[in-house]
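Undergrad: Sending over a structure as structure tokens; questions will come in a sec.
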Amino acid sequence: MSSISNQTLMERFACVDYTGISLLVAASIMTTEYTAFYCEPLSRWLYLSTTLVLGTAGTILPWHPTFNRADMAWLRVGFFVSLALTGFVPVLQLTYERGWDETAYFYAPITKSVLVYFFGAVLYAAKIPERWLPGWFDYRGVQEGGDDVFGVLSWSAWVWRERGI
């Protein structure tokens, strides 16, 4: 977004970016929740509903001016961490009900995707690499470009898992 000279336009594209992240994360989590609790409708709908509400919030919140202010980066990080945690809470229930071995076997195919999401979030929260080279990325790309790379890698890992690659 460094090549966008219009501040308002740049902010709108940031909103689109956050909306896409919310949809991608929520959809990825919901497919796993649905599969993990296919035979347990109460748990399935509880987890799916929670993720759906947060995912929907993630498509609305970015369009509010307060959410996008620089001093609210902690809120954005906190929100996306909360959204991601909706995917981790079911692991506790599955481990309790079915044991660690079965749970680990179930989640093994998506481990790459989860790690890529996590690594991208850490880079965003730590403002890496801009923190180390301030100003250098003003004309050579911005942090969000790197975050998008991690988003695409995570999605690719999910697609490869689904196709058995």
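In case you wondered, yes, glycine gets a Cβ from its N, Cα and C as well.
Annotations per TrEMBL:
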- 12-30: transmembrane segment (TRANSMEM)
- 42-61: transmembrane segment (TRANSMEM)
- 73-92: transmembrane segment (TRANSMEM)
- 104-126: transmembrane segment (TRANSMEM)
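Locate each feature and note its surroundings.
TA: Within its own chain, the transmembrane segment (73-92) is flanked in space by residues 18, 21-22, 25-26, 28-29, 32-33, 36-37, 43, 47, 50-51, 54-55, 57-58, 61, 67, 103, 107, 114, 117-118, 121, 124-125, which lie at least six positions past its ends and keep a Cβ under 8 Å from the stretch.
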Undergrad: Mind checking which residues reach the transmembrane segment (42-61)? Cβ under 8 Å, same chain, six or more beyond either end.
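TA: For the transmembrane segment (42-61), the far contacts come to 18-19, 21-23, 25-27, 29-30, 33-34, 36, 67, 79-80, 82-83, 86-87, 89-90, 93.
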